[in-house]
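Asker: According to TrEMBL, the record shows the following:
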type     : residues : note
BINDING  : C467     : heme binding site
TRANSMEM : 38-59    : transmembrane segment
TRANSMEM : 308-332  : transmembrane segment
Amino acid sequence: MLRRESTMASNATAALLKDTLFSLPLLRDVPATQHASVIASLSSLSLGVLAFIVFYSVFGESAGNKKDGTIRRLGGFPILTAWTFFSKRYDFLMENFRKSQDPHFKFKVLHHNVVAVRGEAARKSFFDERSFSFTEGYKILMGATPRLSDIDVKDTQTNDVSWFNKQIAILLNRNRLSEVLPSLLDDVNGRMELWGKSGKIDPFKNIYDLVFQMTVRMSTCGELARDLDTIEKIQSLYWTLEKSATPTVLLLPWFPSAAKKRKDEATKELFIMLYGVVEARRHAAVPSADAIDVMIQQGMDTNNIVQFILSIIFAGLVNTGINSCWALVFLASHTEWKDKVKAEIAALIEKHTDTTSTDPLHKRLSAIPVSAWDDEMPVLDLVIRETLRLIITGTALRRNLLEEMTISDGKIAKGDFVAYSVADAHLNPEIYTNPTEFDPARFGPGREEDKKGTFSYLGWGAGRHPCTGMKVAKLEIKVIMALMLAGYDFSLVDKNEKPLKELPKPDRNDIHQARPLGEPAFLKFKRVVE
Ligand code: HEM
């Protein structure tokens with residue numbers, strides 16, 4: 001393990017040297033095609049000159065913190081700073097803010113400047129300013145999303161978030177969700193039946209499977225949603241992608257590391273599988289109302305459809321998956337809220353379904369209109385809101401594309417990246433009382449802690465880029481909660497089925513998700529309603 005890490009670090013140092021060389025003023029304009037020959041000529045220079053370049057690139061800014069214009073620049077070795085930004089991002093931002101009263105600080109990731117900001121004024125500019133690009137922010141500093149361009153496949157439109165949002169509006173609007181709801185409930189119930197009548201599940205595996213199943217159903221077609229073996233294969237390729245987002249791959253995407261190879265191979269395999277599924281639908285004798293057919297009818301080419309599916313599955317897996325798992329864990333450990341949500345679901349079933357029916361639970365739930373799932377579950381809405389507050393504490397990213405900007409008197413140059421840790425709002429004791437505690441009532445009448453100040457709640461984003469997948473994500477979480485709470489008795493246990501001593505804590509340094517730290521938690525369950 002240690003050897004792998006040190007090989008990775010030395011690979012990264014070598015790669016960093018190359019990158020630094022070509023960001024030096026003298027060599028900046030050398031075309032990429034000529035980099036190899038420049039390196040060959042450099043190797044014939046005296047060792048002394050080379051040593052100077054290495055020293056400059058790795059230790060060049062180690063003179064301690066200093067103001068760079070209006071913003072404090074971090075000292076330390078640039079490679080270590082950049083490495084920590086990728087390997088322990090939450091701690092890195094928190095610790096560096098703790099060292100000073102300043103609302104911002106600056107550091108280098110390769111030749112890019114990154115400005116970390118905090119506080120209400122910064123938050124407002126970060127989420128509202130037109131100059132801060134969402135797509136460009138995440139492109140370089142976040143890396144597990146599968147992109148066709150990584151495997152040299154042409155993708156003409158899908159880099160544009162407004163195009164992506166338009167597709168979401170077409171494919172995941174309320175009418176389409178109403179059409180697909182019965183199949184979603186069938187699929188999820190089918191998967192739950194595989195657990196048996198009683199036993200123990202790992203929420204961070206088995207609940208994920210349910211979310212994956214639903215996302216595939218909504219973004220592809222019936223044939224794929226029914227093919228559990230292929231779904232499992234796709235899911236395992238996604239985990240490979242996610243695990244391959246190592247600091248080396250993120251920092252040096254051109255460097256041929258083992259993780260980069262695994263990432264590209266997984267992307268290729270996913271592309272080939274999904275390409276086959278889309279082509280099969282394109283040549284089907286009878287068109288269907290499934291998402292892939294809708295995209296084909298819009299005239300989209302197969303590459304674009306595949307890229308859209310890849311991105312939507314990623315958004316579903318990463319965000320909806322982890323939050324569904326945590327919501328169940330929180331309810332299992334806060335029985336007063338579990339009972340309240342249970343009562344709310346029972347009332348919804350009573351109001352919208354035929355209580356004398358002998359249909360199984362999932363069939364009865366499918367009679368509840370989407371509007372009622374949206375509007376008539378205020379208690380579950382509070383639980384989801386609180387789960388997101390506690391779990392969405394990662395770093396939002398932007399790149400300043402248009403002109404020099406000022407945030408809290410700090411100048412952010414055109415081209416710089418901007419990083420904002422959502423924990424600055426979500427775990428801020430000046431906004432939320434006892435911020436690490438699960439307390440959905442904090443949003444209720446009389447308290448409304450999320451209304452303190454601008455953009456104090458960011459669970460679904462804010463300003464120019466609010467989440468366009470919110471409705472579908474909420475519906476998925478609610479479907480899981482309804483089937484679990486109305487269909488099962490469950491409680492939180494350890495691996496020996498004894499009550500857990502301590503509630504698991506989210507790993508806030510996990511770049512894509514907040515997976516649990518500490519003793520593994522399980523849900524012991526018993527089916528009580530068929
Ligand atoms: C519980 C699940 C989810 C949560 C908590 C969540 C949260 C968020 C947040 C916080 C942002 C803003 C990020 C920023 O400003 O940097 C965002 C944006 C976005 N989300 Fe979600 N999301 C979820 C599920 C989904 C799903 C399932 C989809 C796709 C169907 C999706 C699509 C998007 C898109 C396209 C944006 C960018 C919108 C824009 O830039 O205009 N999200 N989401």
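FYI, residue positions are counted from 1 along the chain as it appears here.
The backbone N, Cα and C atoms fix where each Cβ goes, glycine too.
Could you give the neighbours, burial and distances for every feature on this list?
Answerer: Within the same chain, residues at least six positions away from C467 (heme binding site) with a Cβ under 8 Å of its Cβ are W460, G461, A473.
Outside the transmembrane segment (308-332) by six or more residues, the chain places 144-146, 148, 158, 164, 167-168, 203-204, 207-208, 210-212, 214-216, 218-220, 234-235, 238, 242, 267, 270-271, 274, 278, 291-292, 295, 300, 338, 341, 383-384, 386-388, 390-392, 438, 469, 473, 476-477, 480-481, 484-485, 490-492, 503-504, 506, 512-516, 521, 523 with a CB less than 8 A from a CB of the stretch.
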Asker: If you run the three-state DSSP split on C467 (heme binding site), which class comes out?
Answerer: coil
